[in-house]
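Listed features, source Swiss-Prot:
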type: COMPBIAS; residues: 9-22; note: compositional bias 'Basic and acidic residues'
type: REGION; residues: 1-29; note: region 'Disordered'
type: ZN_FING; residues: 80-102; note: zinc finger
type: ZN_FING; residues: 107-129; note: zinc finger
type: ZN_FING; residues: 135-157; note: zinc finger
type: ZN_FING; residues: 191-213; note: zinc finger
type: ZN_FING; residues: 219-241; note: zinc finger
type: ZN_FING; residues: 247-269; note: zinc finger
type: ZN_FING; residues: 303-325; note: zinc finger
type: ZN_FING; residues: 331-353; note: zinc finger
type: ZN_FING; residues: 359-381; note: zinc finger
type: ZN_FING; residues: 415-437; note: zinc finger
type: ZN_FING; residues: 499-521; note: zinc finger
type: ZN_FING; residues: 583-605; note: zinc finger
Amino acid sequence: MEIQFNYESQEHHLLSDGENKTKIGKPASEEGITAKIEPLTEESSSLRENVLQDSEGREFCEFGDKLNEKDQNVFKRRPHNCDEYGQSFVWNTGLFRHRKTHCEKPYECDKCGKAFSVSSALVLHQRIHTGEKPYSCNWCIKSFSRSSDLIKHQRVHTGEKPYKCDECGKAFSQSSDLIIHQRIHTGEKPYQCSHCSKSFSQRSDLVKHQRIHTGEKPYTCNQCNKHFSQSSDVIKHQRIHTGEKPYKCDVCAKAFSQSSDLILHQRIHTGEKPYPCNQCSKSFSQNSDLIKHRRIHTGEKPYKCNECGKAFNQSSVLILHQRIHTGEKPYPCDQCSKTFSRLSDLINHQRIHTGEKPYPCNQCNKMFSRRSDLVKHHRIHTGEKPYECDECGKTFSQSSNLILHQRIHTGEKPYPCSDCTKSFSRRSDLVKHQRIHTGEKPYACNQCDKSFSQSSDLTKHQRVHSGEKPYHCNSCEKAFSQSSDLILHQRIHTGEKPYLCTQCSKSFSQNSDLIKHQRIHTGEKPYKCSECRKAFSQCSALTLHQRIHTGEKPNPCNECGKSFSRHSDLINHQKIHTGEKPYKCDACGKAFSTCTDLIEHQKIHAGEKPYRCVQCSRSFSQLSELTIHEEVHCGEDSQNVMNVRKPLVYTSTLFSTRDTVPGKNLMNAVDY
């Protein structure tokens, strides 16, 4: 582009400008001034401002190399020198205007009072107030207040990068970008913070840094009024509200709201980990991860909570911790009313609604909704247990399990219930417990109408529909739908009874059996019927009792359609159809279909007669015999029967359906 320049008119214009020292509210000839500054259009905005406010002579120096050969020769002759700064000028007027910059700023804005040493700078400044943007882009609808800004912008369309680094050959579209880039090679950091010893290569970085000291957050989100110290942060934040994800992965089409997230994501595909630790052999895909990792070696915890003094090695962990004190939960689910203190918790929660499980196990094809769950699951296959307890040496596959285990030694229960006096060592136990108070059952079965308070209960229940039994016994090949059932079953083979009663010498294979047994000693009956207020020591006994009031008989026979309130009654009934008599008398070899029939029969051999007639004091070994005898006493009240020794009632819980032999458990009968 050849620049046409009229030296005479320019010199005359500068002289007339120099003579006019009055305050300018309205420039006498804006067109003339605009024409004068157009040769500077190749300069960056930051440098241009310095040129216009420093000296007219420097202005000519900047564009002189764009002129033709004849005009360049004119610029080589610079007889007018500044004694103070040593600068040279082609014309006297240039030197005159330059000297004014040492002391004078005669051009003042009538809107805000800001003063300038040259009129052209005032003209540009006034466009801030007027909003005037006279320079339009031919490629798009954008307009600019300065021609230099237009030229820079047009390079977006043309791809022109005229400024090249001598060190590495990298090219830039703006000279200011080249200057900043060259500071990488020189190490120059000319912008120093007045509050601390930090220096910066860019002024904008210094401005951002100083907001750490001042606490200034000038950028506000118009959706939620959240404040930010950097404009880029508010732009990123607003994408939470809009859902915009403009950065897409070429490999898997996953989209991201931030370009930095895309770059990090792409390293999953490439496997690139460019940040190695110099203390150990670990490498990281993110520099921030390396910095965090190094604190493991140094033990540094630079982030301290103002509320409780607790220190953390990561700022993000401190922010999450502070939400315990503030109760802030800034991440709401758009499917339900739940809110979360962490974005990762929201993402994991949303997979409950979508059913998404993006993390497959390459050993067994099991799918997981969270990557951390996959990592934990892998340890089942590898047997790895990297977390060891300092107290007892026990090892764990998960760090969370070690932390929970250590609370056995310390007795710590940091999660108290706000509704009662109970405390818990695990937060998950508190959440489950609170559902007793609220009655919440958030986990619904999609096969039937049943709901559950815990997700694990739903998973177990769904196996009733699917028939899945993923847990196999190595000793007898028996399969179970629940891992807990397998563990209990394996104790049949091992004979293990790890739960000891402190009141007597009895041991139990299940903790639940110990708890039930201990109620014999305490007399506790915590389960009360809401209909008749009768109390029971076991929940299962209450459930069976309530069916007396409701008439519910949920156990139907497939052969004849007869229904029963108890599953054990159904099993006994089905033996009528099959003819099965698994209970044999040791004394005479007679077989019976139910255990109760065997017990009644054994009283004959023992000579036991617990049923006595109140009319004649005669005793009988079986209740049926007493009933027949009572018919002898005609007209007598057949209901005046005193059971000298109340007969034992046997339930399905007494003879565990989990592979135990009922004949060996006769002493486990309970009275309910």
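Cβ atoms here come from the backbone N, Cα and C positions, even for glycine.
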Sequence-distant residues near the zinc finger (219-241) by C-beta distance (under 8 Å, 6 or more away from its ends) are 208, 211-212, 257-258
Query: Are there 3 or more C-beta pairs under 8 Å linking the zinc finger (331-353) with the zinc finger (359-381), counting only pairs at least 6 apart in sequence?
result: yes
Among 135-157, 247-269, 415-437, 499-521, the most Cβ pairs under 8 Å with the zinc finger (107-129) come from 135-157
Model confidence over the zinc finger (191-213), as mean pLDDT, sits at 91
Across the zinc finger (331-353), DSSP yields 11 helix, 4 strand, 8 coil
For the zinc finger (499-521), the DSSP residue counts stand at 11 helix, 4 strand, 8 coil
